[in-house]
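Engineer: What TrEMBL records for this protein is below:
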- 445-579: domain 'U3 small nucleolar RNA-associated protein 13 C-terminal' (DOMAIN)
- 1-23: repeat 'WD' (REPEAT)
- 163-204: repeat 'WD' (REPEAT)
- 208-240: repeat 'WD' (REPEAT)
- 266-297: repeat 'WD' (REPEAT)
- 308-349: repeat 'WD' (REPEAT)
- 350-391: repeat 'WD' (REPEAT)
Amino acid sequence: MVSSGRDKICIVWDLRSHQALRTIPVFESVEAAVLLPEELAPQLGVKSTGLHFLTAGNQGVLRVWEAASGQCVHTQQPLSGPGRELTHCALVRAAGLLLSVTADHNLLLYEAHSLKLQKQFAGYSEEVLDVRFLGPEDSHIVVASNSPCLKVFELQTSACQILHGHTDIVLALDVFRKGWLFASCAKDQSIRVWRMNKAGEVTCVAQGSGHTHSVGTVCCSRLKETFLVTGSQDCTVKLWPIPKVLLSKSIAPDSGPVLLQAQATQRCHDKDINSVAVAPNDKLLATGSQDRTAKLWALPQCQLLGVFSGHRRGLWCVQFSPMDQVLATASADGTVKLWALQDISCLKTFEGHDASVLKVAFVSRGTQLLSSGSDGLVKLWTIKNNECVRTLDAHQDKVWGLHCSQLDDRALTGASDSCVILWKDVTEMEQAEELAKREEQVVKQQELDNLLQEKRYLRALGLAISLDRPHTVLTVIQAIRRDPEAFEKLEATVLRLRRDQKEALLRFCVTWNTNSRHCHEAQAVLSVLLRHEAPEELLAYEGVRASLEALLPYTERHFQRLSRTLQAATFLDFLWHNMKLPTLPAAPSAL
């Protein structure tokens with residue numbers, strides 16, 4: 001038996017004598033030790049069939065030890081970054097796999113004979129700070145959470161790749177137009193550019209530093225992969241040209257990240273810069289700051305063109321329209337504003353969020369806006385009439401991340417509740433369903449009219465009940481009552497209905513009975529049911545008690561009205577019989 005502990009030693013025990021055979025110093029706090037099968041594994045340094053074991057601990061690497069000599073025969077390649085400490089390790093002998101768990105809740109699955117990484121599972125995202133679609137067909141997403149690591153997921157399989165490189169929390173992401181290259185910035189005052197290959201594997205290809213505080217926002221060029229812009233808590237914006245070597249496909253994967261150099265630096269605001277956006281033509285830059293203003297700059301010289309003032313609190317997001325010369329700003333005052341770029345005037349203000357609006361994006365070819373806020377809500381706005389057409393309530397906390405796919409048919413949100421949600425545009429689907437439903441209603445209405453014309457009342461009544469339209473059912477009952485043999489036809493038709501249809505008819509009777517114009521049809525149906533259905537069967541109907549309670553007061557009122565009408569008619573009859581009319585004089589005879 002092998003025992004391990006946080007005292008940085010492993011002890012090999014003889015279970016027969018209960019004595020310690022050997023104490024092996026491993027120089028790290030060990031969280032898990034796994035006995036390896038007694039077979040040769042040259043890739044792990046196991047060259048004899050003696051006892052070997054594997055340790056996982058606070059150094060974040062798996063190490064193989066030979067029990068007989070106490071020597072470390074294999075050490076896994078270490079990866080930089082915090083949160084790499086291992087908290088658990090287990091061997092799945094039947095599958096030939098080894099599972100390890102890191103301190104930041106990631107599961108790593110290795111091939112047992114070579115420690116080659118097979119799969120990665122992200123167990124917990126903590127606070128999601130930004131999300132982006134990746135790939136030319138938006139096949140992957142990248143998630144920045146409250147961690148120095150980035151997580152790339154394939155949407156179809158949910159396979160995860162964990163990217164290490166930053167040494168502090170990643171704050172923002174952005175992706176270039178083609179979808180292969182994307183950029184990240186972090187609290188470690190650095191930026192990194194990553195590339196995804198066709199197999200979906202992501203590597204860091206460039207890195208840069210130069211800001212003196214946390215880099216809170218990044219934006220990539222829109223037309224071509226030529227530059228990126230970053231904004232920082234040091235109140236400056238930096239323009240970073242992308243080296244052409246990154247765009248060539250012949251770059252060696254193991255050559256290491258290229259160093260980025262800032263081409264221009266501009267102090268833009270008096271407080272933290274929360275958002276930067278590059279115009280679709282790559283000639284304009286917008287910045288949004290905690291100082292309650294947004295500013296428009298000309299690229300690449302960073303010349304000030306205008307200041308957008310009007311928000312009552314700091315700005316969290318700025319975004320250019322893809323179609324018009326319009327800028328959208330989202331603020332902590334709970335509003336989204338649209339500004340004209342030509343004269344720096346405010347065109348529209350959208351009010352609806354109860355708290356700070358954190359992100360805004362143009363959708364539907366610039367005709368609609370999608371906004372997310374601290375209240376956990378995502379709202380869809382129609383720009384033309386300032387109307388909020390849909391409110392999506394799926395998150396429980398601040399929605400920091402919002403991104404739309406290239407085809408505008410999907411949206412991605414990430415929030416402080418650790419959830420990343422993929423939304424699909426179902427407008428066309430809902431319109432098609434509505435059209436199909438309307439066509440079906442027209443067909444059924446025509447069929448109903450035909451049945452009534454042919455006096456096939458049973459089919460007509462069953463069809464009207466299936467449509468769940470009380471007024472249509474009432475029309476059928478009225479048609480039956482206009483028949484010369486009304487009572488017999490109504491009785492025969494109602495009694496041949498199924499029980500669920502009778503229950504629906506009773507519910508409709510409650511609605512009709514509230515109106516004096518339709519109460520006769522309701523009473524006629526009730527009369528049939530009460531005459532021919534046993535009380536026990538009626539009481540077994542679903543919701544019959546509530547229906548009876550609703551029927552009684554209106555029925556009593558109708559009978560009182562009829563009684564008063566009958567009394568008045570009787571009085572008129574009495575008056576008529578007791579009236580003494582004078583005799584009319586005889587008409588003079590004609591000569």
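Every residue, even glycine, has its Cβ placed from backbone N, Cα and C.
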Engineer: Are there residues at least six beyond either end of the repeat 'WD' (208-240) with Cβ under 8 Å to its Cβ atoms? List them, or say none.
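Structural biologist: That would be 168, 171-178, 181-187, 189-193, 246-247, 259-282, 285, 287, 289, 297, 299-300, 302.
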Engineer: Output the single range from 1-23, 308-349, 350-391 maximising the number of Cβ pairs under 8 Å to the repeat 'WD' (266-297).
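Structural biologist: Of the candidates 1-23, 308-349, 350-391, 308-349 scores highest.
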Engineer: Six or more residues out from either end of the repeat 'WD' (350-391), which same-chain residues have a Cβ under 8 Å from its Cβ atoms?
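Structural biologist: Long-range Cβ neighbours of the repeat 'WD' (350-391): 313, 316-317, 319-324, 326, 328-338, 397-404, 408, 411, 413, 415, 417, 423, 425.
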Engineer: As a quick check of your reading of DSSP, tell me how many residues in the repeat 'WD' (350-391) are helical, how many are strand and how many are coil.
Structural biologist: 0 helix, 26 strand, 16 coil
Engineer: For the repeat 'WD' (308-349), how many residues does DSSP put in helix, in strand and in coil?
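Structural biologist: Per DSSP, the residues of the repeat 'WD' (308-349) fall into 0 helix, 25 strand, 17 coil.
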Engineer: Looking only at the repeat 'WD' (163-204), how are its residues distributed among DSSP helix, strand and coil?
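Structural biologist: Secondary-structure composition of the repeat 'WD' (163-204): 0 helix, 23 strand, 19 coil.
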Engineer: Limited to the repeat 'WD' (266-297), I'd like the whole-number average of pLDDT.
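Structural biologist: Summing pLDDT over the repeat 'WD' (266-297) and dividing by its length gives 94.
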Engineer: Per DSSP, what is the residue count of the repeat 'WD' (1-23) in each of helix, strand and coil?
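Structural biologist: Taking the repeat 'WD' (1-23) as a whole: 0 helix, 14 strand, 9 coil.
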